[in-house]
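Listed in TrEMBL for this protein:
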- A:1-51: domain 'GatD N-terminal' (DOMAIN)
- A:83-275: domain 'L-asparaginase N-terminal' (DOMAIN)
- A:91: active site (ACT_SITE)
- A:167: active site (ACT_SITE)
- A:168: active site (ACT_SITE)
- A:244: active site (ACT_SITE)
- A:294-401: domain 'Asparaginase/glutaminase C-terminal' (DOMAIN)
């Protein structure tokens, strides 16, 4: 049997019939069922019958016509909004990419609907591939390409944009776009924690919910992922406040320090917003994609060698993930002072993640402020890094920028003691 | 007015009478009320009358006798357990240290009961000062001093130990002691998120609950801090699984990936354990305090310069905080491979914090495993650093040690997809 064959798989009293797809693991078979949904079957103890060879075109293998009937053009529906789907790779994009292959820079509505039939009737689709990488390989220049692609899609008339992205670094990319773009339409990142070849894949529900969110009134950069372990709703997180908090759960993404912006109910397709947001059309489309590359992030832990900070020697910026209210060992403060004197912008965040940096309470903090360290408030450390990269290129006053909310990353000041 | 004066403070319709204490901030007055409880009063708008000068000995100033009547010896009660209180500094210790001063290496039951009268009648107390530092200045040699002091106290007959510690790095110190010590009695870390000079201070309830936990049957290294924002219960966290998750909330500490071990009800003083634990007397007292100092922790973020890893050049150990299931940019893998070839032990953890590292799912992970990276399972990154420091000195097989739970830091393997 080979990927592309039509197969019947029997295992543990269940039978699956469909097209065999490439699997990301050796111990699972992946079968694309009728209707486009993929299922993963444990190879161990599975009986496989090949019903027909090579019926489906996969990564350039020839199709022998079984899906010939599906190649008709999808007609444009004037009554539906146009949603641009931008693929950067990752688990979710693999659904689409099985057919188009890694080298194809465009995909069309047909490809989308073949991969996720549930998207039919919700929008007119445009498709675009910016990258095809696992998101741990995402890099600042790709954030710039992605921002440019989103900009062009909106300029070309997209009523909303869905970015398919690996989950590992989704929060960093979402933050980057939130700083780079002023957007009059929703920009919705979505991904998948379980690939389409897993029985519990979240890719269809996340993609459908993201498209609904992209049609909504919320013109912000959002992340749309499972709200809980069940398949009933996706949460909409502000891109600059979200964090992947679990390695494998489908509801791994959480808004830190606040409730999510809203929720997409999967059955009713209704979207409920629970917080204020920037409305569709409130601002004009604009892009400022410049970034300073030379910014690092250092997480302080007890016993850290002060020489560790040499990494920031000559750098433009340094994010410190301190302890508690924003502290490091007193021995590190003179080194930070030197770096600041040499022109490095040093910004303090907290490894606590929840709550805000407040360096006016204890001696260590006051010494840090005197040394010239800037406080990031409750900005998440990863978001602070992306923001500093952006602010160093685009803000006249970097300190003021780091202490001001530019894209919802810094929440209204709360008094830490009350 | 000076610290040590007896004062009456009127502010906003409230009157406080007591001894003026040194304040950690310029904008608050700290008054020790009758009964030993301290209160913080906003200096702005406060009327202060000095009733008597210099009535209380503070940091070596002379006492003029007002507390002379309190200097009687506290009698040893055969019916009560003996709890050793060890102070390392931090917000909670300031309650005690106001009287004994920074240079005093011992304090007695009287000092303890003057500071926290609610502790009376619960135990016989021994007191010991190991350090008097803010916990961001805690260092591995101090972990060793602390372990040695705890060891000696238990050897001398303590039925339980309470360690008063700053909250910033409490989780690291608790982990260090959990690896260094085999203990037949409870070792309970506690601290305070709001100093005694704040109206909402948590120091009394945390100290009382910690003493109750130290009298319990759970012979593990625990952290005892507020379970919620209200004053009804403290949670007991396993030292190797706890994390300070908020910069300022009193319930900042959370057990990651599990429920806390148990809870101390403040009113009833009842302790409920919700998970299995090591029982009192189950093991003999033992200490292995050696640590390898030359271990660093690097948190990977997109755009990280591969040269960042040069910090680990020649090091004995490196903890990587990767993304998702335990990934870094592919470009970093050859550098990690070189470090491993040169003798550095490299261990992968996840910045997700919840969930476990599983590098067998995606290509990046498989490449990391092939390069010789060790997976830390669901061990928290900070705990993994402390463990590696310990394992490099005390384990015959470091890889096996990092993949085995030594002190509850690694939870029973769960299948990440189910």
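Placement of Cβ uses the backbone N, Cα and C atoms for every residue, glycine included.
Features per TrEMBL, on structure.
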{"residue": "A:91", "record": "active site", "CB count, 10 Å": "27"}
{"residue": "A:167", "record": "active site", "CB count, 10 Å": "30"}
{"residue": "A:168", "record": "active site", "CB count, 10 Å": "31"}
{"residue": "A:244", "record": "active site", "CB count, 10 Å": "29"}
Exercise for the section: Pop the Cα-Cα gap between residue A:244 (active site) and residue A:168 (active site) into the table, whole Å please. Expected result: 7
Exercise for the section: For the domain 'Asparaginase/glutaminase C-terminal' (A:294-401), give the DSSP counts of helix residues, strand residues and coil residues. Expected result: 45 helix, 22 strand, 41 coil
Handout entry: residue A:91 (active site) and residue A:167 (active site), Cα-Cα, nearest whole angstrom
Key = 8
